[in-house]
Amino acid sequence: MTKDKVTGTLVFAVVTAALGSFQFGYDIGVINAPQEVIISHYEYVLGIPLEDRKAINNYTINSTNDLPTIPYLRDSTPTSLAEEETTTSTSLITMLWSLSVSSFAVGGMIASFFGGWLGDQLGRIKAMLVANVLSLAGALLMGFSKLGPSHILIISGRSISGLYCGLISGLVPMYIGEIAPTTLRGALGTLHQLAIVTGILISQIVGLNFILGSHEQWHILLGLSALPAILQSLLLLFCPESPRYLYIKLDEEVKAKKSLKRLRGSDDVTKDITEMRKEKEEASSEQKVSIIQLFTNSSYRQSIIVALMLHMAQQFSGINAIFYYSTSIFQTAGISQPVYATIGVGAVNMVFTAISVFLVEKAGRRSLFLIGMSGMFVCAIFMSVGLILLNKLAWMSYVSMVAIFLFVSFFEIGPGPIPWFMVAEFFSQGPRPAALAIAAFSNWTCNFIVALCFQYIAKFCGPYVFFLFAGVVLAFTLFTFFKVPETKGKSFEEIAAEFRKKSGSAQAPKAAVEMEFLGASETV
């Protein structure tokens, strides 16, 4: 097979779509840096007296940032009315802050069901344009939060931004997957994750106290995601619509050819059209599959369970915990500015995601996922050992630091980017939209559970918390080894046969659907 060439139009369209993923990453990371500043503003808005504010700040910051040290425990029976009021204020502020962080995931959970549907109703380009309306609305609410009841405006803005990110987590991989040539689909698929981690890194940098993380400018920091939203909206007007959408959904062969010619930079698009015609014939013979049918129909059950487990593995691996823990571990290691070390973790995150773009077509999806998970298991053990022996051996803090950097590296080699596009490779045209929706929903739900529960788990387990994550990672690694098939370079029929082999079932699939366009090229 000839090597597909990368054209200017293809690069332009992929980068434009990835601006949505960049906003997603920015929204994930932006709330962390100015935490103390925003909490003190909440207290000011709620009219909490200055003495109480100091007590609350001590409590809230200890309980959300310095997780390895157990937050100081307040007397459970307040001796005076003033102390009782402070306790009430503390729990109110903690609750409002918790909502400010987790309302984003609630929005994402709700919207993740509608990304595919919106893409089918309006087309991929118009759907991304409509989604940007939500992004702008969320950014404006947060940008003007300093002028009104900031807690209400930030929680509302975060929820609306979450709705946007829920839509984007379905639309961007879908659009990139549909415009990419077969040989580049895996590599371009990982750009969604690369753009997310770039967004996180940029939000950490601009959130520094001397840039936008100050008392005067934090609201600008929160509202800044309006800029990529406006830029993406303008650039989308020049992007070609997905040829797959035009041909398979709308039956517009002429428009699909025109779009393909722009994307491929060639007048000869017969290979792509033949591929899509084959897919369309299969899609018309294959009924749309509902989410319930994915679990009740034995042809899909094994695939959907594996897809959900991959997404659960990504979220429950402890990667979010790392971003909570890193600042305090770096502090313990005697680094005077731990925030810069945390940015270092963000940079490592980005570099290894970029490396995975090149690795994914060479090494295969399953093997990279297994290498990533195995490495994370070892690192999690070293992190816990480092934290436990910290007081006895000062150099153990450096063991924990190195383990953090390696943990993040292993995550971005496999469990970070791979679940998103492996799910699309498991399913043919009929069940794919429902499968992508339920996979995105499970990812957001797990994200929400971790965001909500991690504080309490860390308080309960102390330095032993990473042993817990090591156990979870080991369980998911074993599951992947025994149950997840390799999808690189395979047609849908071959992947379905792999699933039957792994589940020990000899039952033939209901529709033997050839889908080479979903795998990687036969030449790699």
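Positions of Cβ are set from backbone N, Cα and C atoms, glycine also.
What TrEMBL lists as domain 'Major facilitator superfamily (MFS) profile' is 13-488. Regional average pLDDT for the domain 'Major facilitator superfamily (MFS) profile' (13-488) in the model is 86.
The annotation transmembrane segment is assigned in TrEMBL to 95-115 (among others). Among residues of the same chain six or more beyond the transmembrane segment (95-115), those with a C-beta under 8 A of the stretch's C-beta atoms are 27-28, 31, 35, 38-39, 42, 60, 64, 127, 151, 154-155, 158-171, 174, 436-437, 440-441, 443-445, 447-448, 451-452, 455.
For 127-145 (among others), the entry in TrEMBL reads transmembrane segment.
The feature transmembrane segment is assigned by TrEMBL to 151-176 (among others).
What TrEMBL lists as transmembrane segment is 188-212 (among others).
Summarising the annotation, TrEMBL assigns transmembrane segment to 218-239 (among others).
The annotation transmembrane segment is assigned in TrEMBL to 304-327 (among others).
Listed as Cβ neighbours of the transmembrane segment (339-360) (distance under 8 Å, sequence separation of 6 or more from its ends, same chain) are residues 29, 33, 186-187, 189-191, 193-194, 197-198, 200-201, 204-205, 208, 322-323, 326-327, 330, 368, 401, 404-405, 408-409, 411-414, 416-418. Feature annotation from TrEMBL assigns transmembrane segment to 339-360 (among others).
Taken from TrEMBL, the feature transmembrane segment applies to 367-389 (among others).
Proximity of distant same-chain residues to the transmembrane segment (395-413), defined by a Cβ-Cβ separation under 8 Å and at least 6 residues beyond the stretch ends, is recorded for 193, 197, 317-319, 322, 325-326, 329-330, 332-334, 341, 344-345, 348-349, 352-353, 355-356, 359, 368, 371-376, 379-380, 382-383, 385-387, 389. TrEMBL lists 395-413 (among others) with the feature transmembrane segment.
Taken from TrEMBL, the feature transmembrane segment covers 434-458 (among others).
For 464-482 (among others), the entry in TrEMBL reads transmembrane segment. Using a Cβ-Cβ cut-off under 8 Å and counting only residues 6 or more beyond its ends in the same chain, the transmembrane segment (464-482) has close neighbours at 67, 309-310, 312-313, 316-318, 321, 366, 369-370, 373-374, 376-377, 380-381, 383-384, 387-388, 457-458, 502.
In this chain, the transmembrane segment (218-239) lies out of contact with the transmembrane segment (434-458); the count of Cβ pairs under 8 Å, excluding pairs fewer than 6 apart in sequence, is fewer than 3.
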